[in-house]
Each structure stands twice: as structure tokens, then as C-alpha cells.
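A.B. asks: A single structure is presented below for examination.
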Ligand SMILES: NC(=O)C1=CN([C@@H]2O[C@H](COP(=O)(O)OP(=O)(O)OC[C@H]3O[C@@H](n4cnc5c(N)ncnc54)[C@H](O)[C@@H]3O)[C@@H](O)[C@H]2O)C=CC1
Ligand SMILES: O=P(O)(O)OC[C@H]1O[C@](O)(CO)[C@@H](O)[C@@H]1O
């Protein structure tokens, strides 16, 4: 069986690629990073190390790579022959991998079924990828392609920080992982993927994950940076950061347990497990990485604004989410293009207008006023 994975980065090598290989797939990574692709083709294998006291490691073998910047036609041919296509490139990169996927799917043998699964931190990632792919197909082609290609949404959870190893392929990951895949939009036989959960409806799973793991993480990053910390480890040693984290997760818990009628005790156990994962002493994760791309993280359907607005609609004031949104407005990292853009908006139009542009929270609304009040306090 052949799998093609777009994005040979942290999640690609450290999580999805490893699961695919352990499930019997021969994995071809497609990436634009020449160093990674050349090394994959040279070594045909890489090492995954578990970030815990055991430091156990295993080798992912039988892998190769295609540089889609240099050889887009080879990348499309790999998609045409694949039994499964997956991607972890970042939500904003989906439009750039779509032409190759469209070309590959169009070139498949008539009726040969395949699934394309986006593994990104977002709600409806595969739906979004499908929309991007559709832009590169005529109406007739789209009807033919989508009759045999499924785009099941998925939720992926494993903390894989930026890596620093002599071998650029080596990757250190936490032992914990969760990959949930929606069956509703799947074509053909369900793939047999080790340790993966298949569910009919992904919405409760992706929202529970995004609004807990990722909201919590974002609160540590934005509030931690305000206090001058550089890593999650440093921030997690500060009681004030822990208090905001608890507050944020208590607010998203209120929203999630109500919306999905979750068992409160079980959900609490889920929250506690996640907080213990942030405290993993064997992982050193930069707050700039965790807070990266603040415009995406502040956007209306993402981890901060979505739960805050939903709670506000219920006349509940999500103080900790609002404080975290204010802290996100202050995210100022010059290597991060979204941070640069955000700071330009704030400088040119003021924080309330910038907040509205980034999140859709209307300037002058009571929520906006509270957030801007916190922002002024920070400043
Ligand atoms: N790192 C983590 O712990 C987790 C990340 N995620 C999600 O996984 C996705 C990827 O994140 P990471 O692996 O951390 O990022 P990363 O930056 O390590 O990997 C992304 C890879 O995509 C490649 N890429 C960029 N443009 C491309 C293109 N046009 N075609 C093919 N490849 C291209 C990059 O060269 C890079 O190797 C994001 O959506 C992230 O939210 C989800 C769960 C955990
Ligand atoms: O990958 P994103 O969406 O930029 O966010 C960084 C995130 O990556 C992760 O480390 C892994 O899921 C999250 O915990 C964190 O919130």
C-alpha cells in the first residue's frame, strides 16, 4: 500500500508518517524543503524518539520524498497512484498543495477510490482542502474526481516542538497521540491505521481538542510571553499563568460540556491530562512556536474567538479568554509574518479595529471594549 503525505515537518514525520508506516504503508513525503527531501531519499528512514523518561526510539523505514517545488509532476503522479493521501502543512498552505492534489486525483484510474485527509489544527481541514482542490478542476472534472475521492476531516493531537538534532530527520515527540478521522466523508474501504479512532461525526472531537489542547496552549503562550518567558516549561512554573490557564479551560469546558452534553467528570479528566502534557519536563517548546500565526489563532472559527463569542452569546463573560485575546494582540515576534501584520494594523488603525479585522469581534461591542481595556492595561 502506498501513502503520500504532504509536509515532512514535525507532525508529518513525528506523527502521521510514523503511523502510516507502522500500518503497512510505504510513505512518500512531499515537501518544498530540499534539505528534508534529499535526506529522506538518501537515508530512506528516520528516527522517532519519545520525549519521556524512557527516551525509547524507533525507526520509520521505507520512506522517500518528492520536492514539489522542483518536481510538481512527480508529486501529482504519486497522488495518482496513492492508496491514501494525508497532509500536515499548516492551514494557510492548503491552497498551495491543492493544484498538485487536483492534478493527481484527475489522473487516477477511473473509479479508483482514495481518501485525502488534512491533519491540521483547524475545524473542517479536509473540507477546506477539498474546496481548494475544486478551484483547480473544471465542473466535469470535479464531479468525476469527487465521486471517487473522499475528504474526511480529522483531529490530530501530539505535541511536537521545533527540533534541534544533528540529523534533520530525527524527531522527538511526546508518547501521547490522538488521531480521530471522520467516516462520513470517506470513500471506499476504511483504512486500517494503527491507534486511530474512526467516528461518524468529528465535530465533538475536533472542537473538544481545539478548544482544550490548543486554547490552553495559546493562553500559556500569549500570557507567558507577556511575562517575559520563552518556553512552555518556564511559563508553567508561574502560578499566575496556571491560574489563567485554569480559567480559560474552565470557560471552554462550560461551552463544550453544554454543546456536546459531555460528562463533566470525564471532561475534567481530559483537561487534567492535557495540563499534565503541557508540564512534560522532557519537552522544551518555545512560546513563539505555540503562539505562531496570531491572525489564524484569533480568527472567528479558531481556538480563542470562537468559544469567547459563543459564551458571550449566552450572556456569560469569558474573562480569561478575553484576557488571552488581549495578550494575543500584544504578540510581537518579528520573524512571524502574521505578528508583523497584526502589529501594523494596531499601529495604523488602533487595537479595536485590528481586533475586529483579525477576529470579527465588532469594534465598540461590549466584548471588544473589555478586551481593549485589558490590552491597554498590558500596554
Ligand atoms: N507540531 C505540532 O505539535 C502539531 C502541529 N499540528 C498541525 O500540523 C500542521 C503542521 O505543523 P508542523 O508539523 O508543526 O509544522 P512544520 O513547519 O514542522 O511542517 C510543515 C511542513 O510543510 C512544508 N510545506 C510548506 N509549504 C509546502 C508546500 N507548498 N508543499 C508541501 N509542503 C510544504 C514545510 O516545508 C514543512 O516541512 C499545522 O497545521 C499544525 O497546526 C497539529 C498537531 C500538533
Ligand atoms: O500548530 P498551531 O495551530 O500553530 O498551534 C501550535 C499548536 O501545536 C501544538 O503544539 C500541537 O497540537 C498545539 O498544542 C499548539 O496549540
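Cβ atoms are placed via backbone N, Cα and C, with glycine included.
Where the annotation comes from TrEMBL, it is an automatic prediction and has not been curated.
Take a look at what TrEMBL says about it:
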| type | residues | note |
| --- | --- | --- |
| BINDING | 3, 4, 5, 6, 7, 8, 9, 10, 11, 12, 13, 14 | NAD(+) binding site |
| DOMAIN | 1-194 | domain 'Mannitol dehydrogenase N-terminal' |
| DOMAIN | 201-378 | domain 'Mannitol dehydrogenase C-terminal' |
A.B. asks: Anything from the binding-site residues 3, 5, 13 with its Cβ under 6 A from ligand 1? List those in sequence order.
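C.D. replies: From 3, 5, 13, counting a Cβ under 6 Å from ligand 1 as near, there are none.
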A.B. asks: What average pLDDT does the predicted model assign to the domain 'Mannitol dehydrogenase N-terminal' (1-194)?
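C.D. replies: Mean pLDDT, the domain 'Mannitol dehydrogenase N-terminal' (1-194): 97.
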A.B. asks: Taking ligand 2 as the reference, state which of the binding-site residues 3, 5, 7, 11, 13 have a Cβ closer than 6 Å to one of its atoms.
C.D. replies: none
A.B. asks: How many other Cβ atoms are found within 10 Å of the Cβ atom of residue 7 (NAD(+) binding site), counting all protein chains shown?
C.D. replies: 26
A.B. asks: Relative to the Cβ position of residue 11 (NAD(+) binding site), how many further Cβ atoms are located within 10 Å?
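C.D. replies: Residue 11 (NAD(+) binding site) is surrounded by 27 other Cβ atoms within 10 Å.
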A.B. asks: For residue 13 (NAD(+) binding site), which DSSP three-state class applies?
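C.D. replies: Reduced to three states, the DSSP call for residue 13 (NAD(+) binding site) is helix.
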A.B. asks: State which of the following binding-site residues has the fewest other Cβ atoms within 10 Å around its Cβ: 3, 5, 9, 13.
C.D. replies: 9
A.B. asks: Return one of helix, strand or coil for residue 7 (NAD(+) binding site), based on DSSP.
C.D. replies: coil
